[in-house]
2 protein chains.
Amino acid sequence: MADALKIGIAGLGTVGASLVRILQDRREMLATTCGRAIEITAVTARDRSKDRGVDLSNATWFEDAVSLAANADIDVFIELMGGSGDPAYAAVKTALGRGIHVVTANKALLAAHGIELAAIAENKGALLNYEAAVAGGIPVIKALRESMTGNTISRVYGIMNGTCNYILTKMEKEGLSFEACLKEAQRLGYAEADPAFDIEGNDTAHKLSILTSLAFGTAIAADDIYLEGITNISIDDINAAADLGYRIKLLGVAQRTESGIEQRVHPTMVPYDSVIAQVDGVTNAVAIESDILGELLMVGPGAGGNATASAVLGDVADIAKSRPGAQHVPAFGRPTNALLPYKRAQIQSHEGGYFIRLKVVDRTGVFASIASRMAENGISLESIMQHSKHPKESDEPQTIILVTHATAEHSVRDAIVAIKSEGYLVGEPQVIRIERPKAA
Amino acid sequence: MADALKIGIAGLGTVGASLVRILQDRREMLATTCGRAIEITAVTARDRSKDRGVDLSNATWFEDAVSLAANADIDVFIELMGGSGDPAYAAVKTALGRGIHVVTANKALLAAHGIELAAIAENKGALLNYEAAVAGGIPVIKALRESMTGNTISRVYGIMNGTCNYILTKMEKEGLSFEACLKEAQRLGYAEADPAFDIEGNDTAHKLSILTSLAFGTAIAADDIYLEGITNISIDDINAAADLGYRIKLLGVAQRTESGIEQRVHPTMVPYDSVIAQVDGVTNAVAIESDILGELLMVGPGAGGNATASAVLGDVADIAKSRPGAQHVPAFGRPTNALLPYKRAQIQSHEGGYFIRLKVVDRTGVFASIASRMAENGISLESIMQHSKHPKESDEPQTIILVTHATAEHSVRDAIVAIKSEGYLVGEPQVIRIERPKAA
């Protein structure tokens, strides 16, 4: 059997502690599978004295991640600290600079510095593995980076934030408000005390930017993402969606278009009988559409100590099974010098179906006026519904719901500006994009 | 850049021709991704003169697969002939014996000889890759063999035969008979002229046996599978399932139990709101339940020239990215000498819910008798329904539908024997097992 693989772990939070426990409990099983033992020889964490229920007496403790990365006698540096800046950034750079393989679960770091880190890894013949950074236990990085080699990807999209999916699912199933469901998510530990990063879509955007690079062979462009969170989704939207045969999910979508690559994160209506519509609660799902393989959808746990540790372990095992310097696996699918330039397609040029919910004063001619403004902007309607509660004009505003056929976003925006100028709108219109899976 | 990877292809049917086309059309893209070119240097096929729309003038033609495997100057032998016996078997053995990596899409070959071939591969330091052999384009082999390293798997199950899923979906959506849908599947090329291998479950069983070995680290036991096809499923079953909130799918299921490993292929009722229930038509799906990662479900195309060629290409790319002799990847997850003995759990000891549909003569006391026979066998009922069309006894038989809570198969069988002996049954009872995903 080959020499043991020596690993150093920086960060012993939920994921780190899970990983240590698994490596210790399954030592023999892993050695059999990998053809060599995996030994934790170095660790660092904020609090050394904390009882994590794991035995680390054989590992050398380092004061900080950078000194571990710089000095430890290790084959693999495992970064589980999080955050796009130092110490994670400096530590990963230091390890790769020594030619040490890196495994990380840090989406923020990759979104900000992924390509720079990939270039260092390539130069030094080191691997940069990050399965755990996107959609937790779902092996989407491996699917894109390895299984789908040779495929041209047209679209990748998914439910990549468990907090949002939990809230949207709970709103639908129990008829509760966004605020009530957010509170429940916080109580259960699915949402942070400050939930903005999840519910505004930033977390999904980080993950999406990594998938975009892998899918399209472009540089990472985490700041070029159209972003809309779920805070404006009301139970009325969810009920109206259900009536029309849709469910609302927060999707991250990256799509190849004629004008460039669209990256967008927003609440999305998906057909009720599509597979992804059935993905409930904190579960994640990622779909990849390509020209050779076709559509692949993967569903699984997107977070949690064990699921994330499983993904980290898979990355470590890949290194254990290979032999030092034996593989050519560019971190983002192609060598960094062969990455394509990223050209952003603006959201205004997005083409798709739209759900539009308007509150209007109850006045004769409003319905006709709305239909006219849509027609003038070349928007073809799949359906238009008015739930009029009163036979005659009343003081209560009426709700009108439109569903469009595929149309350009700028047309929808222009039509809404025109409708607004008519003076019969009450409050802001609600606009939700519709996304249709290619296959069922 | 490293030397080109030289490959030999045996079999130029739908998959082989797709693969050649892709390798030629995407030569540069593949070289960029893999760090070396992929060259087809040897080929063999039954009919050399057939026009396949691909240029093979640079490849050496061999008379047969064995002589190609024995003599060609290649790094990888790609077997796309099919069949568990020669020439595929002899050719793969020959290639591996020379230390040449093998990529195959041949489930029948692996089900019959997988472990023997894996042992040769190990001895010679060659890789045996077979992503395309199970569920076409879905990267389930990679998920089990690589991503889930360290996980203990409790159950793996899936829809692995597109023909059956197409037929069952069509029966449900259009209210047609099994026979009518089979004919339509044949017309569309989804079913063979002799469909027995698909509709009796044998194809699913081959694939399941491979997943079982990977999931549980045991030797392949393709003959130790409980087998029931879909030929007895009627539109009445499908409608009754729908009324109860289920859909019927042909599943292959491998499950770890106290008495051993259950391998079974049979029509199965799955809850309508589970993700796998929404997998329609020829699409495949595989779910893996494990202790660390949790539940992973993958959905995608299970057949077709391009999807299968994509999986083959992924396997080839993995070899191209590695360097000769550089990897330790036991074909079935662990070295063949470390595989665990396979112990079969008999279907009689299977525990689960059951759907039972009985036709009985319309006579007072029958309902009570059935309930009693179930109770005597310790079977607890979730529901029991009688659709009586007549207020009084009539000459028409009545249908009674039972759904049990989790119970042992032998209890169900005993109860049915007891019911049969009462003399009021008309025809054979229909029994369909219920399978519940662990997560939604």
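Cβ coordinates are placed from backbone N, Cα and C, and glycine is handled just like the others.
Copied from TrEMBL, the annotated features are:
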type     : residues                                                               : note
ACT_SITE : B:Lys207                                                               : active site, proton donor
BINDING  : B:Ala10, B:Gly11, B:Leu12, B:Gly13, B:Thr14, B:Val15, B:Gly16, B:Ala17 : NADP(+) binding site
BINDING  : B:Glu192                                                               : L-homoserine binding site
DOMAIN   : B:355-434                                                              : domain 'ACT'
DOMAIN   : B:392-440                                                              : domain 'Cyclic nucleotide-binding'
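Neighbour counts of Cβ atoms within 10 Å were compared for the binding-site residues B:Ala10, B:Leu12, B:Ala17, and the top value is held by B:Ala10. Cα separation, B:Ala10 (NADP(+) binding site) to the residue listed as 'L-homoserine binding site', rounded: 23 Å.
On the backbone, the CA of B:Gly11 (NADP(+) binding site) and the CA of B:Glu192 (L-homoserine binding site) stand 19 Å apart. In the three-state DSSP assignment, the secondary structure recorded for B:Ala10 (NADP(+) binding site) is strand. Rounded to the nearest whole angstrom, the C-alpha distance between B:Gly13 (NADP(+) binding site) and B:Glu192 (L-homoserine binding site) is 15. Its Cβ placed at the centre, B:Gly11 (NADP(+) binding site) has 26 other Cβ atoms within 10 Å.
In this view, the densest Cβ surroundings among the binding-site residues B:Gly13, B:Gly16 belong to B:Gly16, judged by other Cβ atoms lying within 10 Å. B:Glu192 (L-homoserine binding site) sits 15 Å from B:Thr14 (NADP(+) binding site), taking the CA atoms of both as reference points.
Comparing C-alpha positions, the residue listed as 'active site, proton donor' sits nearest to B:Val15 among the binding-site residues B:Leu12, B:Val15, B:Gly16, B:Ala17. Residues in the domain 'Cyclic nucleotide-binding' (B:392-440) partition by DSSP class (helix H, G, I; strand E, B; coil) as 12 helix, 15 strand, 22 coil. In this structure, B:Val15 (NADP(+) binding site) is part of a helix by DSSP. Averaged across the domain 'Cyclic nucleotide-binding' (B:392-440), the predicted model reaches a pLDDT of 91.
Highlighted in sequence order, B:Ile9, B:Ser18, B:Leu19, B:Ala45, B:Leu80, B:Met81 have their Cβ within 8 Å of the centre of the Cβ atoms of B:Ala10, B:Gly11, B:Leu12, B:Gly13, B:Thr14, B:Val15, B:Gly16, B:Ala17, the residues recorded for NADP(+), and are not part of that set. Every protein chain shown contributes to the tally, and the Cβ of the residue listed as 'active site, proton donor' ends up with 27 other Cβ atoms within 10 Å.
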